[in-house]
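Novice: Supplied in C-alpha cells, the structure appears directly below.
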C-alpha cells in the first residue's frame with residue numbers, strides 16, 4: 001500500500017499556489033452570420049477596431065472593414081471554404097503587419113510577404129505596419145537626385161528624381177511594364193533596391209518578368225510581390241501596401257528604393273469588388289467614395305527623406321491602364337492628380353513602330369530639370385525644343401506640299417531625332433552614352449544619314465567611344481559635358497562616319 005507523505009503534498013500545493021497568476025485574458029469572440037464571395041458578416045465583436053485582424057476557427061485570417069450597429073463586415077485573406085455559419089471568430093487586437101528585411105532580396109512573395117518561389121522560408125526579425133503613416137512635411141526634403149531609367153526619351157525629356165511619384169499610363173499592350181522592368185535593370189550597380197508589385201496579372205507574365213530580371217542579374221537587388229488574377233480580391237487590394245512596407249524598411253535605413261505598382265487599376269477594381277460585396281454605397285463608375293484615398297495614402301508614402309532621417313528615398317512608378325486612350329476616366333484622373341507627372345504611352349505611336357511608345361507632347365515631369373545631372377541638362381533642352389517644333393511642323397506638312405528648304409530640313413532633322421529615341425527592350429544606356437547620342441542628333445551629325453541608318457550608326461558610335469575613347473567615360477563620370485568631352489565625341493563621330501557603311 002502506498003504511503004501518503006503530507007509534507008510532499010503540501011510542497012506541491014505551495015508550488016502550484018506560487019505559480020498561480022491572477023492575469024485574466026479577455027478574448028472578444030463573435031459568430032459568423034453569413035459567409036461567401038470572400039466576405040463574412042459577424043455578430044458579437046462589439047469592441048473590434050477598423051482594420052483589425054480577425055482569426056476564424058479554421059485558421060483563416062480576415063480584416064474588419066465594416067463596423068455596423070449589429071454586425072461586422074470582414075474581408076477574408078483566403079478562400080474561406082471551410083468557414084460555416086455559426087463558426088467562432090476571434091479578434092486578435094492587432095493591425096496587419098508584414099515581416100521585412102534584407103532576406104527578402106531576390107525573392108518572390110505574396111501580399112502577406114510569404115515566399116511563393118519554392119526557395120524555402122524567409123528569416124526575418126523585423127516587421128512593419130502594412131498601412132504605415134506617410135512621412136510628414138518636416139521629415140521630407142525636395143527631390144534633387146536623378147533616378148536614371150536608361151531610356152533616352154525619359155531621362156532627357158521627362159526626368160524622374162529619387163523620391164518622386166511618376167505615373168506610367170497607357171492602353172494595354174503599349175509597353176508600360178517594359179518601361180518599368182527597364183528601369184529596374186538600369187539600377188544595377190547604383191545601390192537602389194527595387195520592389196516590383198504585380199497586381200491581378202497572369203502568372204505567366206510574372207514568370208516572364210522574373211526570368212528577364214534573372215537573365216540581367218537584377219534579381220539580386222529586387223523583391224517581387226505578386227498576387228495573380230486568381231487571387232482573392234482582398235490580397236490584390238493589399239499587395240501594393242506590402243510592397244510599400246518592404247521598401248520603407250530600406251528607405252528608413254538610408255537606402256534608395258524604387259517601387260513599381262503594376263497596375264493600380266486592378267487594385268481599384270479589387271477594392272470596388274470588396275466594397276460592393278460589403279454593401280458600401282457606390283459612386284462614379286461604381287467605385288466607392290474613398291477610392292481616391294485608397295491610392296493617395298499609398299503614393300504619399302513615397303518620399304525623399306530629410307538629412308535627420310538618413311536621406312533615404314522611395315520612388316514610386318505606379319502603372320494605370322486606360323481604355324481607348326481615355327485619360328479622363330475616374331481612376332486615371334485621380335492618380336494623375338496625386339502623382340508628380342506622367343509618362344503617357346500611345347497605342348498609335350506603338351503601332352507605328354516607335355518603342356518606347358512615349359507621347360512626349362502630353363507626358364510631363366513636375367520635378368523637371370531639378371532631377372537631371374548637369375551633362376544631361378546641357379544637351380536635353382535643345383532636343384525638347386526641336387522635337388516640339390517637329391511635332392507642329394509634321395501636322396502642318398500634311399496639308400501643304402510646297403515647303404521651303406528650312407522647313408524641309410527641320411522635318412528631316414525631326415525624323416532622325418525620333419529614330420534616336422527608339423530603344424530595344426532591356427538595353428538601357430548609361431548617362432555618358434545618352435549624352436553622346438543626343439549631342440550627335442541635335443547638332444546635325446545625323447542629317448546626312450538615311451533614317452533607317454540612324455540606329456545602326458549610333459550603336460557603332462557608342463561602341464567606338466567605349467573601345468577607342470575610354471577617356472570620354474572617365475570625364476563623364478563627373479556628370480559634366482566638358483569641352484574636352486565634346487571634342488572627343490566630335491572625333492568619334494568623324495571616325496565612325498569614315499568607317500560606317
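Using the three backbone atoms N, Cα and C, a Cβ is placed for every residue, glycine included.
Sharing the record's features from Swiss-Prot:
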BINDING   170, 171, 172, 173, 174, 175, 176, 177  ATP binding site
SITE      363  site 'Required for activity'
Novice: Please report the number of other Cβ atoms within 10 Å of the Cβ of residue 171 (ATP binding site).
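Specialist: The answer is 18.
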Novice: Among all the protein chains here, how many other CB atoms are within 10 A of the CB of residue 174 (ATP binding site)?
Specialist: 27
Novice: Tell me the Cα distance separating residue 363 (site 'Required for activity') from residue 171 (ATP binding site), rounded to the nearest angstrom.
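Specialist: Rounded to a whole number, the Cα-Cα distance is 15 Å.
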Novice: Please classify the secondary structure at residue 175 (ATP binding site) using three-state DSSP.
Specialist: coil
Novice: Within 10 Å of the Cβ of residue 173 (ATP binding site), how many other Cβ atoms are there?
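Specialist: Other Cβ atoms found within 10 Å: 13.
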Novice: If you measure residue 363 (site 'Required for activity') to residue 170 (ATP binding site) at Cα, how many Å is it?
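Specialist: With distance taken Cα to Cα, residue 170 (ATP binding site) is 11 Å from residue 363 (site 'Required for activity').
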Novice: Give the sequence-ordered list of residues that share a chain with residue 177 (ATP binding site), lie 6 or more positions from it, and have CB atoms under 8 Å from its CB.
Specialist: 205, 209, 262, 319
Novice: Find, for the listed binding-site residues 172, 176, the residue with the lowest Cβ contact count at a 10 Å cut-off, counting only other Cβ atoms.
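Specialist: Selected from the binding-site residues 172, 176 on minimum Cβ neighbours within 10 Å: 172.
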Novice: With the ATP site defined by 170, 171, 172, 173, 174, 175, 176, 177, which remaining residues of that chain have Cβ atoms positioned within 8 Å of the Cβ centroid?
Specialist: 321, 345, 347, 350, 357
Novice: Please work out which residue of 170, 175 has the most C-beta neighbours within 10 angstroms of its C-beta, and give that one of the binding-site residues.
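Specialist: Of 170, 175, the one with the most crowded Cβ is 170.
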Novice: 10 Å Cβ neighbour count around residue 363 (site 'Required for activity')?
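Specialist: Here the count is 21.
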